[in-house]
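Read through the structure below, which is laid out as structure tokens, and then see the notes.
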Amino acid sequence: MVSWMISRAVVLVFGMLYPAYYSYKAVKTKNVKEYVRWMMYWIVFALYTVIETVADQTVAWFPLYYELKIAFVIWLLSPYTKGASLIYRKFLHPLLSSKEREIDDYIVQAKERGYETMVNFGRQGLNLAATAAVTAAVKSQGAITERLRSFSMHDLTTIQGDEPVGQRPYQPLPEAKKKSKPAPSESAGYGIPLKDGDEKTDEEAEGPYSDNEMLTHKGLRRSQSMKSVKTTKGRKEVRYGSLKYKVKKRPQVYF
């Protein structure tokens, strides 16, 4: 466990941070020699990372495995041994030069197939989503239909306020309201029927105020000719626009 932690710390500090800083200085100063040196190192270190990932799962049980990793990283980085430059020039450069065209073809095919694969997966995902949405809608509609069918006609008619206005049943007025309306043929004061052409005066609508006035009024009712003459002469009509105002005047009493 201790060996694993030490080897991991050495790889991170001396294998990645230190070369990264000197690569920055090579780019800043535009030193071609240093630039080429660190480019070769990063190519070799990328290959080392791939091999390390596989080896950690297979041969990590080998004695002194983590100590060998520390020694190999220092050998690659050391300016005295120049292990990265040696591995690149002796092995990697000839191998990559011979397989370069095939590697390029594989990369192009991988891009095309990857694009087609992504498009196919996208279409399948959209189809699955659409199918799920349609299925959910059909199930919900069926549930609503079954719920409505479960109601009986009595349950539907007991719901208040659901009927349209035109379909609501007519409710007749109570008999008390019908009887409370006065008959058009009866007079409000004496119960004497009037003809259609006769007009009611204000005195007839209000009724007499005493017994003497009632007797006088009855006497005037018996003499229709005298009433017609007196009321015709005694009434004054005042018009205000379209309104007709009739002046109240009490009938004269003759002895």
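Each Cβ is built from the backbone N, Cα and C atoms, and glycine gets one as well.
Since the structure is predicted, the reported quantities are computational estimates derived from the model, not experimental observations.
In Swiss-Prot, the feature phosphothreonine is attached to one residue out of T201, T231, namely T201.
In Swiss-Prot, the annotation phosphoserine falls on S210, out of S140, S187, S210.
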